[in-house]
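Annotated features, as they stand in TrEMBL:
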- 16-25: compositional bias 'Low complexity' (COMPBIAS)
- 81-95: compositional bias 'Polar residues' (COMPBIAS)
- 127-146: compositional bias 'Polar residues' (COMPBIAS)
- 858-868: compositional bias 'Basic and acidic residues' (COMPBIAS)
- 156-272: domain 'C2' (DOMAIN)
- 311-427: domain 'C2' (DOMAIN)
- 460-583: domain 'C2' (DOMAIN)
- 1-50: region 'Disordered' (REGION)
- 80-99: region 'Disordered' (REGION)
- 116-149: region 'Disordered' (REGION)
- 849-868: region 'Disordered' (REGION)
- 666-692: transmembrane segment (TRANSMEM)
- 781-806: transmembrane segment (TRANSMEM)
Amino acid sequence: MCESPAESDAAEDDTTATPSSSLHESPSRREERRKSHSKTPRSVGSSPLFLRRRPLRDVLSCVSSLPTVDSGYQLKLDAAESSQTPLPSDDQSMTTKKKAHGLGIWSNIKFTIRTRSKERAARRQQKYQSNPDLSQKQNHTSNNTIPIDRLHVAQTNGTAEEPVEEPKPFVTFLLKVNLKDGKNLVIRDASGSSDPYIKFKYKGKTYYKSNTVFKNLNPVWDEEFALLIDDPTYPMELEVFDFDRFMVDDFMGGAVVDLSLLKLFESTEFKLELKDDSGNCTEEDMGHVNLTVTIVPQTETEKEEFMTKAVRGVIAETQKRPTKVVQVWQSVVNVVLVEAKNLMPSANGQPPDPYVKFKLGSEKYKSKVASKTLEPKWLEQFDLHIFDENNQNLEISVCDKHTNTVIGKKSLDLSKIEREETQETWISLENNAGSVLLLLSISGTATSDTVVDLQEFTGNDIRTALAQRYDWLHSLGNIKDVGHLTVKVFRAQNLAAADIGGKSDPFAVLELVNARLQTHTEYKTLNPEWNKLFTFSVKDIHSVLEVTVYDEDPNKKVEFLGKVAIPLLKIRNCEKRWYALKDRKLEHRAKGQILLELDVIWNPFKAAIRTFNPREKKFIAQDPKFKRAVFMNNFNRLKTFAMGILEVADFVESCWNWDSYMRSSLAFIIFLIVVYNFELYQLPLLLLIFFLRSYVYKRVAEEMEFRIRGKSLAPSMDHSGSLESDDDNDYLAEEQNDRGTTLKEKIAAVQDTLGLVQNWLDFIASLFERVRNTLNFTTSYLSALAIIVLCVATVLLYFVPIRWIIMAWGINKFTKKLRNPHFIPNNELLDFLSRVPCDQEMRWYSEFRPDPASNNDISDREGSARKR
């Protein structure tokens with residue numbers, strides 16, 4: 001059963017042109033007409049048939065589906081289009097077939113959209129005719145909301161106007177792309193990672209460029225953009241690049257999205273395998289990119305609205321995600337290469353030129369070369385990163401530069417090393433080739449756990465157990481274990497901007513002598529929040545905790561942002577405080593401040609024993625260079641004490657010369673009485689008198705002394721800093737003017753000599769300052785310890801003859817090396833004085849006043865917490 005095209009058109013025109021006739025039909029007649037229309041006959045040739053009522057998304061199910069007899073609808077092609085696109089023969093090329101296929105798809109899409117628009121209009125018209133009440137209600141609503149030029153009004157006999165909204169034709173297509181993430185991308189940087197971003201191209205033009213995710217082989221973008229396209233059969237291209245700051249970006253692979261496979265109005269997910277068709281890439285697997293693509297037809301109004309919002313033809317939206325960039329590495333391995341011992345000589349029996357190579361994953365490090373030695377000392381510090389928790393083998397190779405051979409090697413499993421702790425380890429090389437001394441610390445792990453609350457931590461069982469571990473009852477066990485330090489690093493604020501965009505990528509490094517730990521990196525912020533808790537084993541209570549804030553750069557370098565030095569004896573336990581940051585030299589204020597909470601638990605008896613032993617030497621420390629300003633400053637410090645000694649000598653000389661008869665007579669009588677009654681035990685008592693004098697003086701005149709010292713020190717600090725900078729410039733200019741190598745060597749030799757003299761002046765001046773600060777109770781614990789030692793010495797000298805004391809001292813000195821072969825000779829008095837801060841160190845450890853707003857913020861939060 002088939003109708004002719006003319007009859008079909010007439011039936012369709014009759015249905016759509018005279019809708020009012022259905023109002024006078026009986027219900028049975030309307031039901032028969034509905035059934036007859038629903039049974040649409042199969043199409044023959046290119047005759048248009050009445051389309052079955054289906055949603056638009058079902059009709060436009062796939063833009064690549066060609067019309068068939070079983071498709072449920074027939075697409076009409078114009079005669080001109082049919083004549084211009086003949087059917088391809090078997091001997092035509094594949095390119096011609098694809099072109100013809102694309103033209104057919106595009107024609108089908110345009111006709112389908114027109115046909116469905118007419119069908120929707122007829123369906124609405126029939127609905128209004130079958131229900132007059134609904135027609136009148138819709139007429140009233142439409143007149144209030146829809147402009148008259150958008151309405152189609154049909155006239156009927158004796159009925160009111162029935163407005164029907166005329167559908168808008170689709171004129172173009174909207175392409176939406178949701179870029180999700182990438183997986184297992186290729187390595188393009190020397191650090192073993194990449195900085196990927198993606199370019200999207202359509203018809204050879206780049207429409208969108210994603211953000212760059214630094215140091216990540218599994219980047220997460222979560223970006224969405226949309227653009228208008230005129231041909232949904234043309235493929236979209238994407239290319240992945242590695243960002244390089246100073247060089248050409250490296251290609252990381254590309255892919256093509258075949259848009260002709262998409263269904264209109266439906267989102268399609270793609271897993272695009274990246275490839276490099278140029279043949280320059282050696283990697284077989286370049287990773288893949290996950291994204292979602294959607295094509296939606298657009299009307300003229302929607303197109304104009306899109307163009308008003310678009311920037312360069314694209315609307316880009318970022319998905320709701322955390323503002324913080326996920327840290328790409330799992331942990332940071334800080335390595336301090338100290339020295340090596342008992343290395344094997346070269347094949348010719350000569351000492352080697354050793355250097356050490358380290359490899360962790362794809363990261364490598366090579367130390368400097370030590371010349372002709374079997375026990376080299378490097379003293380180098382560097383960082384490696386753990387990107388994969390399953391690959392934590394640190395490969396160590398000691399090589400000979402002269403013969404280009406490997407002396408010995410060792411593979412170290414870092415998964416067996418404790419996290420957040422510094423370990424001093426001798427690594428024995430294979431085949432008894434020697435051993436290497438390393439300081440290893442694994443830290444910087446990003447975690448979502450917050451720092452333990454103040455009230456919970458101070459009252460928990462852990463702190464109670466630590467307090468019992470270091471109480472007086474355990475004073476004789478493990479003398480080297482002096483105490484335990486807990487550091488909570490909460491956050492920092494108002495840091496300096498180190499990047500071009502006015503932001504920084506800050507992280508904090510905590511150092512206690514040779515122990516070094518660090519937080520994770522917070523990206524693109526000046527107010528980072530770390531919320532990390534660190535613990536240190538305290539070997540000397542007189543150590544200083546240094547907290548330094550750095551900015552992380554993509555080129556594996558760091559920029560200094562600020563620093564603060566906190567002596568352990570000045571810590572107020574379990575008190576959350578803001579510390580103002582200082583510059584590198586700890587002399588002047590730097591921008592920003594950091595919020596810390598410190599808690600140190602220690603044993604006073606162990607600390608006292610440790611005070612009279614050599615101080616732990618920091619392996620990584622800068623050797624002081626000669627600078628004229630520093631030299632003159634040390635000379636002036638020493639000159640101050642020399643002038644004091646000269647004043648005492650002048651006073652004694654005046655007594656001997658009888659410049660004043662009263663003063664000389666009094667001095668002569670005191671001299672005779674003291675010498676006649678002098679005993680050796682009275683010598684410590686004489687020093688105790690000086691302590692008593694200083695204590696009384698400090699209590700009475702402390703405020704006045706502080707004011708005078710504050711006025712005298714502030715200008716000298718700025719003045720010395722300016723002299724030092726001027727001196728640096730002078731020496732830089734002098735080095736630039738030198739031309740001869742011999743002259744440079746002479747200058748270097750003179751500088752070394754002057755540097756040695758400068759250091760000796762600093763040592764002597766600091767020694768006098770430390771004695772004075774001990775008497776002035778600058779460090780109360782050390783002054784009290786000195787008083788106790790003097791009291792014990794007084795008792796011993798009173799009851800024990802001096803010859804026995806000297807004999808005991810000599811026996812101890814002679815037998816120390818026998819009792820401890822690794823004993824380092826020391827002087828107990830100098831060891832004690834080395835713990836007392838000199839004037840320069842006191843300036844380093846002084847605190848600047850932090851921002852008052854920060855303190856108010858803490859007090860408000862703590863107050864609200866107490867209320868809760």
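Numbering starts at 1 and runs along the chain as displayed.
Heads up, the Cβ atoms here are built off N, Cα and C, so glycines get one too.
Per DSSP, the domain 'C2' (156-272) is made up of 3 helix, 60 strand, 54 coil. Counting same-chain residues at least six beyond the ends of the transmembrane segment (666-692), those with a Cβ under 8 angstroms from any Cβ of the stretch are 655, 775, 783, 786-787, 790-791, 793-798, 802. According to DSSP, the secondary structure content of the domain 'C2' (460-583) in residues is 15 helix, 59 strand, 50 coil. Note on the domain 'C2' (311-427): DSSP counts are 3 helix, 62 strand, 52 coil. Taken together, the residues of the domain 'C2' (311-427) have an average pLDDT of 82.
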